Amino acid sequence: MSAETVAHPIRSTAVGPTGPDIRTQLETVIGLARDLAGQFTLDPLLHRILLHALHLLRCESGSICTVDEAAATYRKEVDLGVGCHSGQTFPLSEGVTGQIVVARGPVVFRSYSEVPKGHLAGREHERIHAVVGVPIMWKGDIIGSCVVFSEDPERLFTDSDVRLLELFASHAAIAIMNATLHMTATERAREAAVMAERERVYRDVHDTVARALGDVLLRLDAVERSGAERSHDIIRAKRAARDALTETRRTVLGLAPSGLDTDALIDAIRLELTWAESAAGLKADLTIVGVRQPMPATVGYQLFRIVKEALTNVVEHARASRMRVGIVYSQAKITMLIEDDGCGFDLQAVQPQPGGPSFRGLGLQGLVARAHHVGGEVHIESTPGWGTHLRVEMPLAENPQSIRQGGDRWRVLVAHERPIVRAGLVRMLATAEPEIQVVGEITRPDEAVDACALLRPNVLLADLDGSAIDGVRLSSYIRSSSPDVAVVLLVGSFDDVDVQDAARNGAAAFVSRDAEATELTRAVVAAARRDAFMTTLPTVTDPHDDNSRPRLTPREREVRRLVEQGLQDKQIARELSISIKTVEKHVGSILRKTGAANRTTLARESSRRRD
């Protein structure tokens, strides 16, 4: 059959079912337009377009292809009901699509057997009868094809069928071009990111050289102050200078430090803290909270560079005697906190002025730029004479969206031993109340004291019955260490005697484990605002009123006296002729009733009473 024979649809009257009514067509077109809005993934869109076309034409089989006329090939993108050739490429000299390109318009075949070099064989070839195909056009070029097959031997495709299929082809053209333009934009964004990274390399050079040269100067100053022969200090200064040269070369080449990969981030940070201790003579502590999560190499690298820059600033400028670094892992992000007790600085003074240089602010600007590069955030608090607090939040995702702004939202720390419960609590809080921000998740409630000190949440959400530490003791510990943090506890029954004890020890609110999301978030917000929220809990006395606390039993008073004298459980057991296990129970009861966080606190309160 010649190209002229198939270039135009065969005009005939449809046999069998009539075509769809106008209302059905309109509803389908509106649905397609809705599908196309903001969608850039090609396969699902083409699949939906083809499904709608088959539905309106009352057929079961079809395909959509993309065409590359320059390469004289076409690719099956979607195949429904026949062939299963999706993803395969064919020459334009074959199949219905090849005939569409030759005709530069729609083609109709009475039978699939008329298609030159068709790809269907065997039973599929026998059950397919009439065929209609239309080009997918964009600005006069054929970029694809839409083909529909009929299994009805009496069916003939009409002009109205062709026009309807052309409507679907126009939607397919939009989908294909949207996907193409999105890919182009993504590639350009990647190129822009590469250029931005090149600019950041200069900041890397600044970070590395400034830190290393500061180390060299500190070593040489030590030699100068001693006034004596200090060959070991000179050797260390030379080693620091040599390391600076090596790291500078590495940075210019765009490489991460040689000793760092994703799994070694913690070890690398420990090495940096060791350097800070030796360089500035300060005491540095590292605290890790939560379950370690894998992270993209880019996030790990940028986080490491931020730590290096922050430690460099502390060593060179802060004149601190102590600093603390905290790492908090949660499900979706990692939070890094760096605190020092140094001289601090005025944030306004280091902001870049329009048209003017900002030499001291260069390190801070580079630090913020690194975090923003991977979708993270940096929060800096500093007061002259009182030190600096730095919080960095990084997403644990390859293509992260920006982390939501903290603003004035209530900050909540979730502590639960069961991952599925913890994840459920986080989701309930996030979806039910936009004003709540989950700042961290921890597996072990006994890590809550350190986590609260690092993250400074408004509310700690935990369970009354923890295996490592129960809610009664947890409430007491948090009240002693972080009095600004409100504790909300999940309980199985409000009649539990531990509920009263936890309330006396500082718990702000109690929520049933069967509560809905609305009740949970209401309790959390009420606790954060310091509103009363005890749900159905009976009257609870003031936890800070010593007279309201339950009295100790005579045996507990004996145990308390020995604890205050500094005796250990084994010694107390021998002194009172009771078992060690019994002593442990008495000590736990004493701590709950007195609200003391631990033995040391108990002894301190005793000393104050004697004074």
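The backbone N, Cα and C atoms fix where each Cβ goes, glycine too.
Taken from TrEMBL, the feature domain 'Histidine kinase' applies to 302-398.
If you average pLDDT over the domain 'Response regulatory' (411-528) in this model, you get 83. Per TrEMBL, the feature domain 'Response regulatory' maps to 411-528.
Here TrEMBL flags 545-610 as domain 'HTH luxR-type'.
Around the Cβ of Asp463 (4-aspartylphosphate), the same chain contributes Ala415, His416, Glu417, Val421, Pro445, Gly471, Leu489, Leu490, Arg513, each under 8 angstroms and 6 or more positions distant in sequence. Among the features that TrEMBL reports, 4-aspartylphosphate is placed at Asp463.
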| note | DSSP tally for the domain 'Response regulatory' (411-528), helix/strand/coil in that order, comes to 56 helix, 29 strand, 33 coil
